[in-house]
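Copied over from Swiss-Prot, here are the features:
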BINDING   152-273  3',5'-cyclic AMP 1 binding site
BINDING   274-416  3',5'-cyclic AMP 2 binding site
MOD_RES   T69  phosphothreonine
MOD_RES   S83  phosphoserine
MOD_RES   S85  phosphoserine
MOD_RES   S112  phosphoserine
REGION    2-151  region 'Dimerization and phosphorylation'
REGION    53-97  region 'Disordered'
Amino acid sequence: MSIEIPAGLTELLQGFTVEVLRHQPADLLEFALQHFTRLQQENERKGAARFGHEGRTWGDAGAAAGGGTPSKGVNFAEEPMRSDSENGEEEEAAEAGAFNAPVINRFTRRASVCAEAYNPDEEEDDAESRIIHPKTDDQRNRLQEACKDILLFKNLDPEQMSQVLDAMFEKLVKEGEHVIDQGDDGDNFYVIDRGTFDIYVKCDGVGRCVGNYDNRGSFGELALMYNTPRAATITATSPGALWGLDRVTFRRIIVKNNAKKRKMYESFIESLPFLKSLEVSERLKVVDVIGTKVYNDGEQIIAQGDSADSFFIVESGEVRITMKRKGKSDIEENGAVEIARCLRGQYFGELALVTNKPRAASAHAIGTVKCLAMDVQAFERLLGPCMEIMKRNIATYEEQLVALFGTNMDIVEPTA
């Protein structure tokens, strides 16, 4: 069955996506409602303008013939210009209590959003040297605090985040100094450490202030993600300090490391016996919904008897699998016996997802452990077609339980 994409849908969604990336709204649904409502209102105004123009022509003719009053159309030329500011992670000012919807420049066609081709595999790790700008402990702590809520960095693992912090350099600015200028090529992404800044957008050659930053926020990442000129001028209105990240380092850390991580996840998925029947496209979907979790030494990952909500693949570290036997005591204080250990690339927790039964065993971290996790909803949505194949492995697990405990039902029942 072929599905025809309605005309204009792609451009509509692309425009909305860019606005979300620029403004990073806390309430995405409210932002979407305001965004599309505004678009609808603008279309209605344009229709009214066309109707008004036709009405004015008819009215002028009527006035010439019979002295009638000319009808009035909509005069957009008298309306103030509204425009976007370049705002990747704009934070609300301390006194602001509500989210303000972004404004759109209705007179300028949206510029193309594109980027030069970039292949992370073309760079060799051996040829790269890690960029480090020395920082004091206080500077590093302030920088880490400033970066913790930036969307671009939320999915970075601790090692990648450490690389970002090392590579960021401090830029001191004076009052009145231009940090970036509208139309210039984007070279750096900036995080505000301290200071106030105004956002200016040129309209008919005249710059107009459309917003400001007050000791927090970030800007410039759109120019690093896409090959597009700066959309605004940022001017310091007080002495301040910024942390900058250059284009090359940004692309290497964010893009290349994510590409390497994705390949690693794909290799993990390919190695799982119960997923071997999946097509390549299906495996890629699995990779898209996988999340990562880090556990400290001795921390419980899953508990025997709990309801199953996800299964895990060990990315790094070692996991200890234990099981309690009903009515029997063991040498361990908690009455559990160790039945297995999982290392890098091995998985656990999938049996409960197949059988819809409570967890049959517990898992604890040995040292620091990083796991890939897929929740049960995504599991059922994506892996439904291969459930029967997965169930073929149940016999193997039941044989292991029988060998260990004499029966495959000899586990502690979950307590209410």
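Just so you know, glycine gets a Cβ as well, placed from its N, Cα and C.
A quick note: this is a predicted structure, and the numbers were derived from the prediction, not measured.
Positions of Swiss-Prot features highlighted on the structure.
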| residue | record | Cβ contacts under 8 Å, 6 or more apart |
| --- | --- | --- |
| M168 | 3',5'-cyclic AMP 1 binding site | H133, L143, V191, W243, G244, L245 |
| D184 | 3',5'-cyclic AMP 1 binding site | P229, R230 |
| Y200 | 3',5'-cyclic AMP 1 binding site | Q182, G207, R208, C209, V210, A232, T233, I234, T235 |
| V248 | 3',5'-cyclic AMP 1 binding site | none |
| T292 | 3',5'-cyclic AMP 2 binding site | D157, E315, K370, C371, L372, A373 |
| Q346 | 3',5'-cyclic AMP 2 binding site | I313, V314, V319 |
| H364 | 3',5'-cyclic AMP 2 binding site | G298, E299, Q300, I301, V319, R320, T322 |
Problem set entry | Rounded distance in angstrom between the Cα atoms of S310 (3',5'-cyclic AMP 2 binding site) and L152 (3',5'-cyclic AMP 1 binding site) | 26
Problem set entry | Spatial neighbours, same chain, of M264 (3',5'-cyclic AMP 1 binding site) - Cβ under 8 Å, 6+ residues apart | E315
Problem set entry | Other CB atoms, at most 10 A from the CB of A232 (3',5'-cyclic AMP 1 binding site) | 24
Exercise. Can you tell me the three-state DSSP label for L152 (3',5'-cyclic AMP 1 binding site)?
Worked result: helix
Exercise. Given the model, what does the mean pLDDT over the region 'Dimerization and phosphorylation' (2-151) come out as?
Worked result: 61
Problem set entry | All-chain count of other Cβ atoms within 10 Å of R216 (3',5'-cyclic AMP 1 binding site) | 19
Exercise. What number of additional C-beta atoms lies within 10 angstroms of the C-beta atom of L152 (3',5'-cyclic AMP 1 binding site)?
Worked result: 20
Exercise. When you measure from the Cβ of S310 (3',5'-cyclic AMP 2 binding site), how many other Cβ atoms are you left with inside 10 Å?
Worked result: 21
Seminar exercise, completed: Once DSSP output is merged into helix, strand and coil, M168 (3',5'-cyclic AMP 1 binding site) belongs to coil
